[in-house]
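Have a look at the structure below before the remarks.
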Amino acid sequence: MYGRDPWGGPLEIAADSATDDDRSRNLQDYDRAALSRPLDETQQSWLLGPGEQKKKKYVDLGCIIVSRKIFVWTVGTIIAAGLLAGFITLIVKTVPRHHHRPPPPDNYTLALNKGLMFFNAQRSGKLPKHNNVSWRGNSGLNDGESQSSNLFKDLTGGFYDAGDAIKFNFPQSFAMTMLSWSVIEYSAKYEAAGELNHVKEIIKWGTDYFLKTFNHTADTIDRIVAQVGKGDTANGSTEPNDHYCWTRPEDIDYERPVTECHSCSDLAAEMAAALASASIVFKDNKAYSQKLVHGARTLFKFSRDQRGRYSVGTEAANFYNSTSYWDEYLWGATWLYYATGNTTYLQLATTPGLAKHAGAFWGGPYYGVLSWENKLAGTQVLLSRLRLLLSPGYPYEEILGTFHNQTGLFMCSFLPYYNSFNRTKGGMIQLNHGGPQPLQYVVNAAFLATLFSDYMKASDTPGWYCGPHFYSADVLREFAETQMNYILGRNPRKMSYVVGYGNHYPKHVHHRGASIPKNKVKYNCKGGWKWRDTKKPNPNTIVGAMVAGPDKNDGFRDVRSNYNYTEPTLAGNAGLVAALVALSGDTSVGIDKNTMFSAVPPMFPTAPPPPAPWRP
């Protein structure tokens with residue numbers, strides 16, 4: 001077919017050989033080429049023919065619609081994670097575990113565990129089933145029955161003083177006060193050593209007995225028991241008693257007289273201190289704590305009303321003679337203040353006249369030495385605590401500042417840089433100036449030094465001055481460690497003076513119960529002498545007993561007959577336990593700052609509440 005071309009040429013219309021699909025594809029190419037930019041999804045839908053992208057597939061979950069690919073990936077990830085977690089759990093349960101054992105206890109903790117056992121061996125009365133001293137049994141069950149007074153018919157319980165069977169209330173109450181003080185300050189360390197319940201049980205054994213030795217329900221009393229048993233052997237007396245006879249406490253069949261006291265300020269004030277300090281230990285047992293506080297108040301009132309020394313005219317003067325009661329006044333009043341919060345007791349404890357009578361303002365050879373006979377040093381440390389941590393200010397600041405300064409002075413005397421006290425060649429400080437039975441003074445000094453060091457750390461005080469020289473609080477702890485290490489075996493004899501600690505310790509302890517075998521044979525008063533005089537070691541090990549100690553030349557004779565070397569005492573062991581717990585465990589764990597002040601009201605009025613926010 002031919003047609004005319006408008007421009008003059010022939011027009012030929014040829015047959016179209018392209019298919020419909022080809023024409024459609026060409027049209028799409030032309031349409032796309034005409035576009036200068038990409039088209040969105042809506043615009044693409046306007047074009048003829050299907051777009052290039054594949055149609056997405058979705059999963060309808062009811063509340064939402066998600067991409068099938070995302071849904072499959074998420075579910076797969078969850079399943080894979082579950083399988084992996086199960087596989088790891090299976091491995092953990094099947095692989096043997098290696099438990100990390102806690103670090104072994106330090107030497108002080110080991111010795112502490114043993115030191116408390118001594119008090120179990122000294123118990124009088126009907127023993128608890130868990131006493132854990134196999135060679136001890138019930139004893140002293142008739143104590144008080146022979147007393148003419150109806151007031152003290154039951155005097156069972158308490159502790160025997162040393163290697164005999166006498167119950168001296170004066171050193172016994174000091175021992176309980178020292179134990180209570182250590183618990184108040186270091187309960188966390190007792191807990192860490194697993195001994196908190198044990199030491200509290202020991203204290204309660206003592207305070208339960210003290211409550212029997214006076215009318216603790218009354219507000220006013222006129223007598224207290226000072227002693228149960230007798231030990232006078234003067235002038236060659238052969239009367240059976242607790243010193244002449246060498247008999248197990250369980251086999252005693254002789255009379256045990258009771259000594260009453262009607263004018264004994266020192267004893268009554270010391271017993272008041274024991275009950276007051278224990279009331280803080282048992283503050284969670286409200287009824288018992290209040291009973292102890294009431295008894296302490298009654299005893300202290302008696303000590304102030306009926307003045308006198310308990311040992312005057314009694315055989316106690318031969319064993320535990322008291323030279324003054326002024327230090328017990330300060331000691332008892334301080335503990336009653338902490339137990340009650342009553343400032344009347346604090347005013348008394350900070351009275352310059354009482355402090356002067358107690359020897360606070362002059363030195364002397366035993367200045368700063370804490371013992372069952374003199375509590376001045378302990379009182380000064382206790383009141384320094386009040387100043388360092390609470391700072392009560394007027395009207396107490398002057399005397400508290402004086403006590404604090406004096407505490408610093410006798411702490412200086414413990415340091416090796418000064419010559420207040422000699423030391424043996426082995427390094428033991430001679431606080432009793434070369435006298436016998438030195439260790440009881442050493443452990444008390446170690447306790448006070450560690451405690452004062454911890455007081456300074458608790459109050460962010462880096463140290464103190466000894467004259468022009470400044471010393472870190474750490475040197476007091478170093479002093480205490482040196483002395484306690486000496487007692488535990490780091491001495492010229494390489495001997496531990498705590499029975500049962502280490503491999504080399506005294507085997508001939510001056511102690512009736514430990515030296516007589518428990519063989520169902522009852523030895524009479526003189527029959528036990530063969531056990532006293534034998535050179536064989538004791539058949540029973542009195543674990544934890546700290547013996548009297550070496551002489552001024554570091555010498556020690558392990559003989560039963562010489563009590564100046566080998567006899568342990570309640571007062572000595574209480575100081576031992578207090579010093580050991582203070583040094584034991586983690587050195588970063590200090591004192592419990594708050595429990596001592598649990599009954600003390602705020603020193604200053606509380607700040608008023610802030611005003612309400614202003615509103616227009």
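Backbone N, Cα and C define each Cβ position, glycine as well.
Take the CB of His510 (active site) and look out to 10 A: across all protein chains shown you find 25 other CB atoms. Taken from TrEMBL, the feature active site applies to His510 (among others).
Residues near Asp558 (active site) in space but far in sequence (CB under 8 A, at least 6 apart, same chain), listed by position: Pro506, Lys507, His508, Tyr565, Thr566. Annotated active site per TrEMBL: Asp558 (among others), in sequence order.
The Cβ neighbour count for Glu567 (active site), using a 10 Å radius and every protein chain shown, is 21. Taken from TrEMBL, the feature active site covers Glu567 (among others).
Look at TrEMBL and you will find 108-580 tagged as domain 'Glycoside hydrolase family 9'.
What TrEMBL records for 1-26 is region 'Disordered'.
According to TrEMBL, the transmembrane segment annotation covers 70-92.
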Here the Cα-Cα span from His510 (active site) to Glu567 (active site), rounded to a whole number of angstrom, reaches 5
